[in-house]
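For reference, the structure discussed in these notes is given below.
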């Protein structure tokens, strides 16, 4: 029986592949010419009857189902895939053209049925500008008919890390090199794997069959419906729920897995199978992901009040993966460093990172998958919510981590700096071309989206917010939405606020306000708001906004007496509150910094807050102290307050024992440190090390045991040249180099010890040892730490060697190419070398990644962000003049020019004044 089954499955599968090739050849010989559009119009302008000239699919095409068969041939050094697809499309208007997306593939057969009857095709042709395959019929397709488009196709598995691609890994236990196939389609790369109608507003069901060898396991969104047998076999999966094309996922691998069972679900008596997959030699690093993943899914099922609709959940760690993770429905794919966790060799920070990514992706099962944005201009509905909701799951599952305060330093403060540029963009932003689609996967969609949702929940109240979200979910499950749909359902449950009117001011114009507080007579305070812009030379009215840069701002405050309140600031001037009982009382605005704005107090009140945090810091909560530190440094950076004031207020850090305020302080002064690096005042600026040293050496400071705080303090001391700390770090690093047993370096401190040890004492011998350990490392987080360390040598010839290695995927994985360059940009001694290297290799990088790559688009802005001279600015302008096509980095180019101009202006205004303040200390 076994032999008969083997022969049968082999013949069936080989017959399928052969049929694809033969039918494709016949169709290729018999079909009309298909490489040029028919005459009658040009691509220069939109013409009626030529729907392929529009970047959006015509609205009369509504896909409802895909039957898809794929054979990825990645065995025996083969690197192509072959497939057949039949797409069932409802055609709602009389039409003569059907359009499907396809990119970087060879279409070998196109057939059409309308209402079950074969239909003559007059012509087929590609339209590459909009990535279409156009099917022109000989006669009109009637309105309200059902078209079935059947196609055969093939493509390459080696076109980067998007679409359908081949990956590889070295099994550290067996020494064998193994191959696998994986996929990543978001935002617009499903069309690289199979012809499809590739827009987020179009949901369809899928029947998927994957052909593979029996020693491999095939995975897709749904469970396998038919078991596979030995021989070259087909795995057919259950029909999917309605979903968009970018959520489809296909993996064929020899990975191992662990499994558990959820407490809740839609299927199998309210529970279902939850599995985690990894390479066989790393499956022992998946237990935490399995446990946390199950808890997260159970949490969100309860929170949203809508059951998870699939009968299984798989998570898989892919050796080569472009993003941190991707929320494919029922089959979430991760970079290994974002999913794997080793109890002995991964740090607490690594654990928090893994939990954060997993919670984000599982939140997407509802926000993004069950309910999907209709078009990419509402991407924030997916990413903003997932970025915010992850904190809720983490807070419940790990209350000891205190993640609500972490939101300030991980999301809020980071994005507010970016959003203070006049080249920022609104959360809801028009997008058209795929390059623009890639651009909006940025901190505005993710972190600003999360920040305004956090603010919204704070003024609505948790219960009302949750009720509105549940109603929204139930109304739009398996459907697509726009931002106004969300406001409608939240507005229905809000008792005090006009949600749409308020939130439009935050989502449809860029930026945010600074709320200024003025003390008046008769114990009154007057509030006003103005747009906050980091570069004082930029026009805060630019570009024009229909809301005139006025926000409906929920202003909260707490007084020294413990009173709290909320008021609304809806204009630039005029809100007056009476709450001051004596001149010694204080009023702290933006309680817990739930509002997306900065507060500026009178000079005397800033000084009062500085004294307050120095003497009795616990009178204010951790989030409020973090808020004050973050605001005063933002105001100083923008030239709206002096750095002498900011640094005086920050003297309170000597008594601060919590990690989050210290992190805010570190973020505030790191910009100053970067700008002053080549300044005559940099030696004096190292005075800042005393802030950290005071706490490091304070014997009473028990919170020092908080590992994140210790890492921050040691890093600050090293960054600012504290010789004692640097000597200690270097000594530990050299002992680690000398001994193959690296247990003498605490896991949490390796992120500081390794790079600073290399920077201080890293010669060729030390660098080679680190390189060898990098190649041998089996824990992804350790591998990243070692890669970072390699970029921090002072030896330029070693840096050039590493850059050469980064181009060789046998030495450094393709997914880590940009990581190498970003890490190296942190090495100030490598600044010129790296900039020259990128300019020299730019054409090759464009050929390799394409201008549509958002990662390539972010590269130059990242490595030149510290430029602060006119000469460097002109170099950058000349480079972009030579290469004028920005692709997915077009907006980033404008933002970078603004940032460098702001850096230059900052040096002119602040360098000497900071030097004077340092001289006075």
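The backbone N, Cα and C atoms fix where each Cβ goes, and this holds for glycine too.
Annotated transmembrane segment per TrEMBL: 9-30, in sequence order.
If you look up TrEMBL, you'll see 63-247 marked as domain 'Aminopeptidase N-like N-terminal'.
Sequence annotations record features per position, and here TrEMBL assigns domain 'Peptidase M1 membrane alanine aminopeptidase' to 288-506.
Long-range Cβ proximity for residue 383 (Zn(2+) binding site), meaning a same-chain Cβ under 8 A and a gap of 6 or more residues, is found for 368, 441, 445, 446, 449. Reduced to three states, the DSSP call for residue 383 (Zn(2+) binding site) is helix. The feature Zn(2+) binding site is assigned by TrEMBL to 360, 364, 383.
A simple way to gauge crowding: the CB of residue 361 (active site, proton acceptor) has 26 other CB atoms within 10 angstroms, across all the protein chains here. Here TrEMBL flags 361 as active site, proton acceptor.
Under the three-state DSSP scheme, residue 446 (site 'Transition state stabilizer') falls in the helix class. Marked as site 'Transition state stabilizer' by TrEMBL: 446.
According to TrEMBL, the feature domain 'ERAP1-like C-terminal' maps to 586-902.
Same-chain neighbours of the Zn(2+) site beyond 360, 364, 383, judged by a C-beta within 8 angstroms of the site's C-beta center, are, in sequence order, 327, 361, 363, 367, 368, 382, 385, 386, 387, 390, 446. Under the DSSP three-state reduction, residue 360 (Zn(2+) binding site) is assigned to helix. Note on the domain 'ERAP1-like C-terminal' (586-902): mean pLDDT across this stretch is 90.
Within the same chain, residues at least six positions away from residue 364 (Zn(2+) binding site) with a Cβ under 8 Å of its Cβ are 327, 382, 386.
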